[in-house]
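S.K.: Among the features that TrEMBL reports, signal peptide is placed at B:1-28. Marked as heme c 3 binding site by TrEMBL: B:54. Positions annotated as heme c 1 binding site by TrEMBL: B:57, B:63, B:66, B:67, B:68, B:83, B:146, B:149, B:150. Residues or ranges marked as heme c 4 binding site by TrEMBL: B:133, B:136, B:137.
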């Protein structure tokens, strides 16, 4: 009696075996990767667009603190707000970790200003996309980057929902990712606020524990319901960010992407990605085993035949 | 003996207090109690000092508009009034005595954890000045540009890469990325 195994059944068995092995071997680590709510003592910044006057002090302070190259225009030149490149307002690049853009909102007498920099996600997509672990989310709340291990694949630039990591294309010998690091090295790790926050004259940037910043944001909205949109951008966006925003205009009118998911970017690929290493490590062995088992009789026959030939 | 001394002191303090507060401004300060000109020099690392004409501003607005409840005149902000409607004149009316200059100092931030404290979101000194001044100046059409109030000094120009430190347009004229 010969039992034939169809190709489909064969593959199904292989997949089932892999899933079983994954569940058995990986149950502990997959549990741990379930959800990360962020470090409880992590710091954050609440950016209040209704307070910002577009003075660009934060840009100047950042340039000085991070030792960035000289800007094309002085930081007290407000003509930069009219700059449009490739149909877009100014964005961060290798020479500037933060920019302030101006938005004319219909029905509002004065423009609203929005500061752009790394939002320091609770569960950063750049970090999870990096296969050499060049990124770290520190307990203080910063997402920092280690250029020594970076291989320059730039996956983080694709992964970031806010288009923040930029590449230092200008340097052939020392190319690296350039982005805001929350002034981690020089300030945050010592409990000091980042340079931009300290420079802000209007306290449009308020620094404190992330949980306190959410409280402060809620309080401001509650006290001035007519002034603010009832939403703190960054409280839940992409699983929460350390930098959060209050606005008097709908967020999509002032340059925010309101279509980003409310859970970490990682969640969209986590289930698939957790199977990849198992497929890569188990399938080859498993199928080689199947192959050897299936061809065992043929091989034995061949050897016997060979022996016969030698004898005769 | 000690208690008697204390009582005497209290009586003396009361007497002086009553004598100082005029008959019409009972329990409330008056603009004339303040200096006419106040030099604000907390940002002198980047800007020249601001000569604030207190007398002129006192003519334009009620004390409470800037000083909240501290002068003994009822506050205008409904949030302040929740607690301070009848709290009278405060020990101090100077901005810097309530609005700390070191707003994001670690110890200060930790002190905000006190559940009895409602002032958790109180701006620091720099924030208080600018939010109050610019808010009003924009509203009434008064000057509101940075250097309308304080002129940048040399180190300010250095930080803002302007004036003597302005970038040479030739260096950035390549038109590329």
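A Cβ is built for glycine as well, from the same backbone N, Cα and C atoms used for every other residue.
Remember, predicted model here, so these are calculated numbers, not experimental data.
Please situate the listed features within the shown structure.
M.R.: In the three-state DSSP scheme, residue B:54 (heme c 3 binding site) falls into the helix class.
Neighbour count (other Cβ atoms within 10 Å of the Cβ, all protein chains): 19 for residue B:150 (heme c 1 binding site).
Secondary structure at residue B:137 (heme c 4 binding site), taken from DSSP and collapsed to helix, strand or coil, is helix. Summarising the environment of residue B:137 (heme c 4 binding site), the number of other Cβ atoms within 10 Å of its Cβ, over all protein chains shown, is 16.
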S.K.: Out of the binding-site residues B:57, B:146, B:150, which are near chain A, with a C-beta less than 8 A away from one of its C-betas?
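M.R.: In terms of proximity to chain A, the binding-site residues that count are B:146, given in sequence order.
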S.K.: Relative to the Cβ position of residue B:54 (heme c 3 binding site), how many further Cβ atoms are located within 10 Å?
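M.R.: A 10 Å sphere around the Cβ of residue B:54 (heme c 3 binding site) contains 15 other Cβ atoms.
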S.K.: Fill in the CA-CA distance, residue B:137 (heme c 4 binding site) to residue B:57 (heme c 1 binding site), as an integer in Å.
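M.R.: Here the two Cα atoms are 11 Å apart.
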S.K.: Rank the binding-site residues B:57, B:68 by the number of other Cβ atoms within 10 Å of each Cβ, and give the residue at the low end.
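M.R.: Sparsest of the binding-site residues B:57, B:68 by Cβ contacts within 10 Å: B:57.
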S.K.: Near residue B:66 (heme c 1 binding site), how many other Cβ atoms are within 10 Å of its Cβ?
M.R.: 20
S.K.: Judged by the number of other CB atoms within 10 angstroms, which among B:133, B:136, B:146 is the least packed of the binding-site residues?
M.R.: B:136
